[in-house]
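Feature annotations, courtesy of TrEMBL:
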- 1-36: region 'Disordered' (REGION)
- 45-134: domain 'Fibronectin type-III' (DOMAIN)
- 130-162: region 'Disordered' (REGION)
- 169-257: domain 'Fibronectin type-III' (DOMAIN)
- 281-335: domain 'Fibronectin type-III' (DOMAIN)
Amino acid sequence: AAADPEDLPPPSMDTPVEASRTDTPTAEAPTPEHPLTEAPLARAVLGELKVSSITPDTVALQWSVPEGSFDSFMLQYRDAQGQPQALPIDSASRLVMVPGLSPSHQYRFHLYGMHRGKRIDHISINVITETDEPEQPPSPSERPQTEALPTEDNQSEHPQTEVPAVRAELGELKVSSVTPDSVQLQWSIPEVPFDSFMLQYQDAQGQPQTLPIDGESHSVTVSGLSPSHPYRFHLYGLQDGKRTDHVSTDIVTAKQEELPLPTEEPETEAISSDALPARAVLGDLKVSTVTPNSVRLQWSVPEGHFDSFTLQYRDAQGQPQALPIDGSSRSVTVP
């Protein structure tokens with residue numbers, strides 16, 4: 001349940017909160033700068049911060065912006081060791097997944113609405129992660145369990161909750177791109193839309209992973225995978241918080257040597273002589289946000305269009321990494 005933002009101070013960060021809903025005028029109010037910074041507060045407002053899903057090591061949060069708009073958002077919290085963490089979020093998002101949490105641990109999340117680099121609105125929520133249970137890993141047997149729910153109780157509510165499950169169906173789950181450490185999946189919705197989706201799989205160490213997806217999306221990129229490793233992905237369609245349909249697919253990630261290294265720039269320059277790159281041009285790659293463990297980049301396409309993008313870099317151990325991005329995106333956060 002949501003809590004009052006002021007009952008627990010947020011994690012200390014380098015940027016002070018410029019204003020909150022309980023701020024009162026100070027002695028500096030007559031200065032000319034204050035009316036300018038106060039103006040966005042009345043126009044851009046954050047709605048309630050709610051929990052979309054919870055697992056032992058992840059929490060998905062969602063929110064609304066009932067009035068105005070923000071340049072971006074920032075989610076802050078303290079990890080299980082008490083260290084402050086910050087997660088930058090683009091302005092179009094209304095859903096975020098926080099991975100790497102500890103089971104049965106209480107967290108307080110603070111979501112800030114940003115305007116011109118300043119935090120102008122703030123909402124908070126307390127969340128306790130689930131216990132680490134063995135039945136968490138996804139399996140195909142979960143679909144029959146979901147369909148059998150109406151037989152467990154004869155209450156009149158069950159026929160009402162089962163009606164959307166008949167009309168809302170998922171199309172085939174397909175692979176649109178594969179790299180040694182990432183997979184991009186896409187699907188269709190033949191009839192009635194879902195409120196949201198949930199992708200589940202087991203990582204290379206056999207640990208269950210859950211990725212919440214908003215109801216408007218028809219594709220998702222899963223990163224942080226291991227090369228030449230088989231994965232089974234389960235996509236669930238959710239309505240009213242219940243899983244009402246389920247599709248799965250098996251994928252083997254590419255071999256490590258198939259990844260072109262970022263140092264191979266001469267090949268990219270040689271391709272530029274072809275007709276297609278001459279019509280599709282990338283603008284400058286700029287840094288939007290930087291934290292100790294993430295970078296947000298943005299770019300433009302001044303001429304033509306691309307089917308998709310691939311971001312490549314080397315990690316702190318010198319290993320090449322690749323992140324596929326859909327063709328409509330103009331920003332990406334590298335965590």
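Glycine residues also receive a Cβ, built from the backbone N, Cα and C atoms like all the rest.
Remember, TrEMBL labels are computer predictions, not curated facts.
With DSSP classes pooled into helix, strand and coil, the tally for the domain 'Fibronectin type-III' (169-257) is 2 helix, 51 strand, 36 coil.
Computed over the domain 'Fibronectin type-III' (281-335), the whole-number mean pLDDT of the model equals 84. Across the range of the domain 'Fibronectin type-III' (45-134), the DSSP-based residue counts are 0 helix, 50 strand, 40 coil.
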